[in-house]
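Peer 1: Here you go, one structure.
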Amino acid sequence: ADFDAKKKRKVAEIFRALNSDPTDVAALRRMAISEGGLLTDEIRCKVWPKLLSVNTDDLPPLPAGKELREDNKDYQQVLLDVRRSLRRFPPGMPDDQREGLQEELIDIILHVLKRNPQLHYYQGYHDIVVTFLLVVGGRLATALVEKLSTHHLRDFMDPTMDNTKHILNYLMPIIDRVNPEVHDFMQSAEVGTIFALSWLITWFGHVLSDFRHVVRLYDFFLACHPLMPIYFAAVIVLHREQEVLDCECDMASVHHLLSQIPQDLPYESLISKAGDLFVQFPPSELTKEAAQAAQAERTAASTFKDFELASVQQRPDTVLRQRFRERLRGKERLRGEERTKSILTKPRTNRFVKLAVMGLTVALGAAALAVVKSALEWAPKFELQIFP
(Lines of atoms letter the chains of each structure in order from A; the text may use other names.)
(Lines give C-alpha, C1' and ligand atoms only; values in the text may rest on other atoms or scores of the structure.)
Protein backbone atom coordinates (compact mmCIF):
# COMPACT_ATOMS: atom_id res chain seq x y z
CA ALA A 1 0.00 0.00 0.00
CA ASP A 2 2.89 2.27 0.89
CA PHE A 3 4.36 1.64 -2.55
CA ASP A 4 1.05 2.52 -4.22
CA ALA A 5 0.82 5.77 -2.29
CA LYS A 6 4.36 6.64 -3.38
CA LYS A 7 3.46 5.87 -6.98
CA LYS A 8 0.33 8.02 -6.83
CA ARG A 9 2.37 10.90 -5.43
CA LYS A 10 4.92 10.54 -8.20
CA VAL A 11 2.25 10.45 -10.93
CA ALA A 12 0.71 13.62 -9.48
CA GLU A 13 4.11 15.30 -9.44
CA ILE A 14 4.79 14.33 -13.08
CA PHE A 15 1.45 15.79 -14.21
CA ARG A 16 2.09 18.94 -12.21
CA ALA A 17 5.40 19.38 -14.06
CA LEU A 18 3.76 18.62 -17.43
CA ASN A 19 0.93 21.08 -16.86
CA SER A 20 2.97 23.96 -15.52
CA ASP A 21 3.61 26.78 -17.96
CA PRO A 22 6.28 26.54 -19.25
CA THR A 23 6.66 22.77 -18.74
CA ASP A 24 8.98 22.06 -15.81
CA VAL A 25 11.49 19.96 -17.75
CA ALA A 26 13.95 19.92 -14.84
CA ALA A 27 11.32 18.24 -12.63
CA LEU A 28 10.53 15.75 -15.41
CA ARG A 29 14.21 14.87 -15.67
CA ARG A 30 14.27 14.23 -11.92
CA MET A 31 11.20 12.02 -12.15
CA ALA A 32 12.69 10.04 -15.04
CA ILE A 33 15.88 9.44 -13.07
CA SER A 34 14.49 8.78 -9.61
CA GLU A 35 13.24 5.41 -8.40
CA GLY A 36 10.87 3.66 -10.79
CA GLY A 37 11.42 6.17 -13.61
CA LEU A 38 8.32 7.31 -15.47
CA LEU A 39 6.16 4.36 -14.30
CA THR A 40 3.88 3.81 -17.34
CA ASP A 41 4.04 3.97 -21.13
CA GLU A 42 1.14 6.42 -21.10
CA ILE A 43 3.28 8.83 -19.09
CA ARG A 44 6.31 8.15 -21.30
CA CYS A 45 4.31 9.25 -24.38
CA LYS A 46 3.91 12.64 -22.69
CA VAL A 47 7.32 13.01 -21.02
CA TRP A 48 9.82 11.56 -23.51
CA PRO A 49 9.03 14.28 -26.10
CA LYS A 50 9.61 16.94 -23.42
CA LEU A 51 12.97 15.42 -22.47
CA LEU A 52 14.01 15.59 -26.13
CA SER A 53 12.28 18.97 -26.81
CA VAL A 54 10.12 17.50 -29.55
CA ASN A 55 6.95 19.43 -30.33
CA THR A 56 4.13 16.87 -30.45
CA ASP A 57 1.62 19.32 -31.98
CA ASP A 58 3.54 19.41 -35.20
CA LEU A 59 4.42 15.80 -36.09
CA PRO A 60 5.27 14.96 -39.69
CA PRO A 61 2.95 12.42 -41.36
CA LEU A 62 4.32 8.87 -41.43
CA PRO A 63 6.17 8.17 -44.67
CA ALA A 64 4.76 5.74 -47.23
CA GLY A 65 6.98 2.69 -47.38
CA LYS A 66 7.17 2.00 -51.07
CA GLU A 67 9.13 4.98 -52.33
CA LEU A 68 11.36 4.86 -49.24
CA ARG A 69 12.43 1.32 -49.99
CA GLU A 70 13.17 1.68 -53.67
CA ASP A 71 16.88 2.26 -54.32
CA ASN A 72 17.71 2.81 -50.65
CA LYS A 73 21.27 1.65 -49.95
CA ASP A 74 20.43 0.57 -46.38
CA TYR A 75 17.19 -1.23 -47.12
CA GLN A 76 18.60 -4.78 -47.36
CA GLN A 77 20.59 -4.51 -44.11
CA VAL A 78 17.70 -2.89 -42.23
CA LEU A 79 15.36 -5.62 -43.50
CA LEU A 80 17.71 -8.36 -42.27
CA ASP A 81 18.14 -6.77 -38.85
CA VAL A 82 14.41 -6.17 -38.39
CA ARG A 83 13.57 -9.74 -39.43
CA ARG A 84 15.95 -10.99 -36.77
CA SER A 85 14.37 -8.79 -34.12
CA LEU A 86 11.60 -11.22 -33.12
CA ARG A 87 12.58 -11.38 -29.49
CA ARG A 88 12.26 -7.63 -29.13
CA PHE A 89 8.46 -7.93 -29.37
CA PRO A 90 6.25 -8.99 -26.45
CA PRO A 91 6.14 -12.82 -26.22
CA GLY A 92 2.38 -13.25 -26.65
CA MET A 93 1.92 -10.81 -29.54
CA PRO A 94 -0.03 -12.22 -32.54
CA ASP A 95 2.13 -12.74 -35.64
CA ASP A 96 0.23 -10.39 -37.91
CA GLN A 97 0.44 -7.58 -35.37
CA ARG A 98 4.17 -8.14 -34.95
CA GLU A 99 4.73 -8.24 -38.71
CA GLY A 100 2.84 -4.96 -39.08
CA LEU A 101 5.10 -3.38 -36.47
CA GLN A 102 8.20 -4.75 -38.19
CA GLU A 103 7.14 -3.09 -41.46
CA GLU A 104 6.58 0.15 -39.56
CA LEU A 105 10.00 -0.22 -37.96
CA ILE A 106 11.68 -0.47 -41.37
CA ASP A 107 9.85 2.66 -42.57
CA ILE A 108 10.79 4.72 -39.52
CA ILE A 109 14.47 3.83 -39.89
CA LEU A 110 14.57 4.54 -43.63
CA HIS A 111 12.64 7.78 -43.16
CA VAL A 112 15.12 9.14 -40.57
CA LEU A 113 18.08 8.12 -42.74
CA LYS A 114 16.58 9.68 -45.84
CA ARG A 115 15.93 13.00 -44.12
CA ASN A 116 19.41 13.05 -42.58
CA PRO A 117 21.93 11.91 -45.19
CA GLN A 118 24.79 12.68 -42.77
CA LEU A 119 23.64 9.75 -40.59
CA HIS A 120 24.86 6.23 -41.30
CA TYR A 121 22.88 3.16 -40.28
CA TYR A 122 24.58 0.74 -37.89
CA GLN A 123 23.55 -2.74 -36.74
CA GLY A 124 21.82 -2.30 -33.41
CA TYR A 125 20.12 0.97 -34.33
CA HIS A 126 16.87 -0.96 -34.89
CA ASP A 127 17.03 -2.11 -31.25
CA ILE A 128 16.69 1.49 -30.14
CA VAL A 129 13.99 2.34 -32.69
CA VAL A 130 11.83 -0.68 -31.79
CA THR A 131 11.81 0.42 -28.14
CA PHE A 132 10.35 3.79 -29.12
CA LEU A 133 7.89 2.21 -31.56
CA LEU A 134 6.52 -0.15 -28.88
CA VAL A 135 6.21 2.59 -26.26
CA VAL A 136 4.92 5.62 -28.19
CA GLY A 137 3.70 4.34 -31.59
CA GLY A 138 4.92 5.10 -35.10
CA ARG A 139 4.40 8.80 -35.65
CA LEU A 140 5.80 9.97 -32.35
CA ALA A 141 8.58 7.37 -32.49
CA THR A 142 9.71 8.80 -35.83
CA ALA A 143 10.05 12.31 -34.40
CA LEU A 144 11.78 11.16 -31.18
CA VAL A 145 14.19 8.85 -32.98
CA GLU A 146 15.13 11.56 -35.45
CA LYS A 147 15.96 13.95 -32.61
CA LEU A 148 17.85 11.24 -30.74
CA SER A 149 19.81 10.25 -33.85
CA THR A 150 21.05 13.78 -34.44
CA HIS A 151 21.96 14.22 -30.75
CA HIS A 152 22.54 11.35 -28.27
CA LEU A 153 23.25 8.72 -30.93
CA ARG A 154 25.06 11.01 -33.33
CA ASP A 155 28.52 9.56 -32.71
CA PHE A 156 27.39 6.00 -33.43
CA MET A 157 26.07 7.16 -36.81
CA ASP A 158 29.33 8.39 -38.27
CA PRO A 159 30.76 6.65 -41.32
CA THR A 160 33.54 5.20 -39.11
CA MET A 161 33.63 3.73 -35.62
CA ASP A 162 36.16 6.26 -34.34
CA ASN A 163 33.85 8.28 -32.12
CA THR A 164 32.11 5.17 -30.82
CA LYS A 165 35.51 3.76 -29.83
CA HIS A 166 36.31 7.08 -28.21
CA ILE A 167 33.20 6.82 -26.03
CA LEU A 168 34.03 3.20 -25.11
CA ASN A 169 37.41 4.53 -24.00
CA TYR A 170 35.72 6.27 -21.07
CA LEU A 171 34.84 2.90 -19.55
CA MET A 172 38.21 1.93 -18.07
CA PRO A 173 38.98 5.31 -16.45
CA ILE A 174 35.61 5.22 -14.67
CA ILE A 175 36.28 1.68 -13.42
CA ASP A 176 39.78 2.78 -12.42
CA ARG A 177 38.50 5.66 -10.29
CA VAL A 178 36.18 3.39 -8.36
CA ASN A 179 38.00 0.08 -8.19
CA PRO A 180 41.65 -0.01 -9.25
CA GLU A 181 41.83 -3.73 -8.58
CA VAL A 182 39.15 -4.60 -11.14
CA HIS A 183 40.68 -2.10 -13.56
CA ASP A 184 44.15 -3.63 -13.28
CA PHE A 185 42.79 -7.15 -13.58
CA MET A 186 40.98 -6.23 -16.80
CA GLN A 187 44.11 -4.50 -18.12
CA SER A 188 46.18 -7.61 -17.40
CA ALA A 189 43.62 -9.78 -19.15
CA GLU A 190 43.76 -7.36 -22.09
CA VAL A 191 40.02 -7.72 -22.42
CA GLY A 192 39.43 -4.29 -23.98
CA THR A 193 35.96 -2.74 -24.06
CA ILE A 194 34.36 -4.43 -27.06
CA PHE A 195 32.15 -6.52 -24.73
CA ALA A 196 30.25 -3.30 -23.94
CA LEU A 197 29.79 -2.20 -27.56
CA SER A 198 26.32 -3.70 -28.06
CA TRP A 199 25.24 -2.33 -24.65
CA LEU A 200 26.27 1.16 -25.62
CA ILE A 201 24.95 1.39 -29.17
CA THR A 202 21.55 -0.17 -28.36
CA TRP A 203 21.18 1.47 -24.93
CA PHE A 204 21.07 -2.09 -23.55
CA GLY A 205 17.93 -2.83 -25.62
CA HIS A 206 19.67 -5.68 -27.40
CA VAL A 207 20.96 -7.48 -24.32
CA LEU A 208 18.16 -7.24 -21.75
CA SER A 209 15.29 -9.64 -22.23
CA ASP A 210 12.75 -7.89 -20.02
CA PHE A 211 11.20 -4.92 -21.81
CA ARG A 212 10.35 -3.21 -18.50
CA HIS A 213 14.03 -2.95 -17.64
CA VAL A 214 14.83 -1.57 -21.08
CA VAL A 215 12.28 1.25 -20.88
CA ARG A 216 13.33 2.03 -17.31
CA LEU A 217 16.87 2.58 -18.59
CA TYR A 218 15.57 4.69 -21.50
CA ASP A 219 13.83 6.98 -18.97
CA PHE A 220 17.18 7.40 -17.25
CA PHE A 221 19.29 7.91 -20.40
CA LEU A 222 16.85 10.35 -21.99
CA ALA A 223 17.00 12.52 -18.89
CA CYS A 224 20.79 12.55 -18.70
CA HIS A 225 23.99 13.41 -20.48
CA PRO A 226 24.65 11.41 -23.70
CA LEU A 227 27.55 9.60 -22.02
CA MET A 228 25.42 8.15 -19.20
CA PRO A 229 25.13 4.72 -20.89
CA ILE A 230 28.90 4.27 -20.56
CA TYR A 231 28.71 5.07 -16.82
CA PHE A 232 25.94 2.50 -16.53
CA ALA A 233 28.13 -0.04 -18.35
CA ALA A 234 30.93 0.67 -15.86
CA VAL A 235 28.56 0.18 -12.94
CA ILE A 236 27.50 -3.24 -14.27
CA VAL A 237 31.15 -4.33 -14.45
CA LEU A 238 31.80 -2.98 -10.93
CA HIS A 239 28.69 -4.72 -9.63
CA ARG A 240 30.22 -8.01 -10.83
CA GLU A 241 33.56 -7.33 -9.14
CA GLN A 242 33.82 -10.72 -7.45
CA GLU A 243 32.97 -12.72 -10.57
CA VAL A 244 35.50 -10.73 -12.56
CA LEU A 245 38.29 -11.22 -10.03
CA ASP A 246 37.50 -14.94 -9.70
CA CYS A 247 37.73 -15.36 -13.48
CA GLU A 248 40.79 -16.73 -15.30
CA CYS A 249 42.92 -13.70 -16.12
CA ASP A 250 42.87 -14.07 -19.89
CA MET A 251 41.06 -12.23 -22.63
CA ALA A 252 38.71 -15.01 -23.74
CA SER A 253 37.47 -15.85 -20.24
CA VAL A 254 36.94 -12.27 -19.08
CA HIS A 255 35.32 -11.24 -22.36
CA HIS A 256 32.97 -14.22 -22.20
CA LEU A 257 32.01 -13.48 -18.60
CA LEU A 258 31.38 -9.78 -19.19
CA SER A 259 29.50 -10.12 -22.45
CA GLN A 260 26.92 -12.40 -20.80
CA ILE A 261 24.87 -9.79 -19.00
CA PRO A 262 22.96 -11.05 -15.92
CA GLN A 263 19.22 -10.49 -16.30
CA ASP A 264 18.51 -10.03 -12.58
CA LEU A 265 20.55 -6.88 -12.03
CA PRO A 266 19.43 -4.53 -9.22
CA TYR A 267 18.51 -1.82 -11.74
CA GLU A 268 17.44 0.92 -9.34
CA SER A 269 20.59 0.78 -7.24
CA LEU A 270 22.79 0.59 -10.36
CA ILE A 271 21.04 3.61 -11.87
CA SER A 272 21.61 5.45 -8.65
CA LYS A 273 25.32 4.49 -8.58
CA ALA A 274 25.80 5.49 -12.22
CA GLY A 275 24.31 8.87 -11.36
CA ASP A 276 26.62 9.28 -8.38
CA LEU A 277 29.69 8.35 -10.43
CA PHE A 278 28.72 10.83 -13.11
CA VAL A 279 28.62 13.57 -10.50
CA GLN A 280 31.92 12.53 -8.91
CA PHE A 281 33.86 11.90 -12.12
CA PRO A 282 32.18 13.96 -14.85
CA PRO A 283 33.18 13.32 -18.47
CA SER A 284 35.01 16.65 -18.59
CA GLU A 285 37.39 15.37 -15.93
CA LEU A 286 38.03 12.10 -17.77
CA THR A 287 38.37 13.94 -21.09
CA LYS A 288 41.01 16.21 -19.57
CA GLU A 289 42.88 13.15 -18.44
CA ALA A 290 42.87 11.92 -22.02
CA ALA A 291 43.75 15.26 -23.51
CA GLN A 292 46.70 15.86 -21.17
CA ALA A 293 48.20 12.51 -22.02
CA ALA A 294 47.91 13.19 -25.70
CA GLN A 295 49.17 16.76 -25.44
CA ALA A 296 52.76 15.63 -25.77
CA GLU A 297 52.13 14.03 -29.15
CA ARG A 298 49.89 16.60 -30.81
CA THR A 299 48.62 19.95 -29.76
CA ALA A 300 46.02 20.66 -32.42
CA ALA A 301 42.62 20.58 -30.80
CA SER A 302 41.15 19.63 -34.16
CA THR A 303 42.61 16.14 -33.91
CA PHE A 304 41.23 15.75 -30.41
CA LYS A 305 38.72 13.08 -31.30
CA ASP A 306 41.47 10.68 -32.28
CA PHE A 307 43.08 10.69 -28.86
CA GLU A 308 42.99 7.31 -27.24
CA LEU A 309 42.42 7.31 -23.51
CA ALA A 310 44.86 4.41 -23.41
CA SER A 311 47.80 6.81 -23.56
CA VAL A 312 46.97 7.79 -19.98
CA GLN A 313 48.57 4.49 -18.96
CA GLN A 314 52.05 5.79 -19.69
CA ARG A 315 51.99 8.96 -17.62
CA PRO A 316 54.53 9.09 -14.77
CA ASP A 317 51.93 9.73 -12.09
CA THR A 318 49.96 6.74 -13.40
CA VAL A 319 52.98 4.53 -13.02
CA LEU A 320 53.45 5.88 -9.49
CA ARG A 321 49.84 5.24 -8.73
CA GLN A 322 50.22 1.68 -9.91
CA ARG A 323 53.15 1.15 -7.53
CA PHE A 324 51.19 2.76 -4.73
CA ARG A 325 48.33 0.38 -5.48
CA GLU A 326 50.54 -2.66 -5.40
CA ARG A 327 51.71 -1.66 -1.93
CA LEU A 328 48.14 -0.92 -0.92
CA ARG A 329 47.06 -4.29 -2.21
CA GLY A 330 49.74 -6.03 -0.18
CA LYS A 331 48.31 -4.36 2.93
CA GLU A 332 44.78 -5.15 1.85
CA ARG A 333 45.52 -8.82 1.50
CA LEU A 334 46.72 -8.83 5.08
CA ARG A 335 43.52 -7.18 6.14
CA GLY A 336 41.64 -9.85 4.26
CA GLU A 337 37.97 -9.93 4.90
CA GLU A 338 37.78 -6.50 6.49
CA ARG A 339 38.04 -4.87 3.09
CA THR A 340 34.95 -2.85 2.41
CA LYS A 341 32.71 -4.01 -0.37
CA SER A 342 31.11 -0.66 -1.02
CA ILE A 343 32.39 0.32 -4.44
CA LEU A 344 32.27 4.00 -3.70
CA THR A 345 34.49 4.04 -0.65
CA LYS A 346 37.51 2.15 -1.95
CA PRO A 347 40.75 3.57 -0.55
CA ARG A 348 42.35 5.77 -3.18
CA THR A 349 45.45 7.90 -3.37
CA ASN A 350 44.76 10.92 -1.18
CA ARG A 351 44.25 13.00 -4.31
CA PHE A 352 40.68 11.68 -4.20
CA VAL A 353 38.97 12.65 -1.05
CA LYS A 354 36.29 10.14 -0.25
CA LEU A 355 33.15 11.70 -1.55
CA ALA A 356 29.98 11.37 0.36
CA VAL A 357 27.60 9.69 -1.97
CA MET A 358 24.83 12.14 -2.61
CA GLY A 359 21.24 11.10 -2.83
CA LEU A 360 20.63 10.47 -6.47
CA THR A 361 17.72 12.81 -7.01
CA VAL A 362 19.63 15.69 -5.54
CA ALA A 363 22.85 14.79 -7.26
CA LEU A 364 21.48 14.16 -10.67
CA GLY A 365 18.82 16.77 -10.49
CA ALA A 366 21.58 19.31 -9.95
CA ALA A 367 23.98 17.61 -12.32
CA ALA A 368 21.45 17.22 -15.07
CA LEU A 369 20.61 20.88 -14.73
CA ALA A 370 24.17 22.03 -14.57
CA VAL A 371 25.18 19.88 -17.48
CA VAL A 372 22.25 20.28 -19.77
CA LYS A 373 20.31 23.39 -18.71
CA SER A 374 17.85 22.63 -21.42
CA ALA A 375 17.95 19.95 -24.04
CA LEU A 376 17.91 22.43 -26.88
CA GLU A 377 20.71 24.59 -25.66
CA TRP A 378 22.81 21.54 -25.02
CA ALA A 379 22.72 19.27 -27.88
CA PRO A 380 24.88 20.75 -30.64
CA LYS A 381 27.27 22.47 -28.24
CA PHE A 382 27.66 19.32 -26.27
CA GLU A 383 29.09 17.27 -29.08
CA LEU A 384 31.57 20.04 -29.59
CA GLN A 385 32.64 19.81 -26.00
CA ILE A 386 33.22 16.08 -26.15
CA PHE A 387 34.66 15.97 -29.63
CA PRO A 388 35.85 19.45 -30.60
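Cβ atoms here come from the backbone N, Cα and C positions, even for glycine.
Note that TrEMBL annotation is computational and uncurated.
Grabbed the feature section from TrEMBL, which reads as follows:
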- 38-225: domain 'Rab-GAP TBC' (DOMAIN)
- 191-208: transmembrane segment (TRANSMEM)
- 220-238: transmembrane segment (TRANSMEM)
- 352-372: transmembrane segment (TRANSMEM)
Peer 1: Counting only residues 6+ away from its ends, which parts of the chain sit with a Cβ under 8 Å from the transmembrane segment (220-238)?
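Peer 2: Non-local partners: 28-30, 32-33, 37, 48, 51-52, 151-152, 167-168, 170-171, 174-175, 178-179, 182, 186, 196, 199-200, 203-204, 244, 258, 261, 265, 270-271, 273-275, 277-278, 283, 343, 364, 367-368, 371-372, 382, 386.
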Peer 1: So which residues does the transmembrane segment (191-208) touch in its own chain, when a touch means Cβ under 8 Å and the partner is 6 or more beyond its ends?
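Peer 2: Sequence-remote neighbours of the transmembrane segment (191-208) are 88, 122, 124-125, 127-128, 130-131, 153, 156, 164, 167-169, 171-172, 214, 217-218, 221, 229-230, 232-233, 236-237, 251, 254-255, 258-259, 261, 263.
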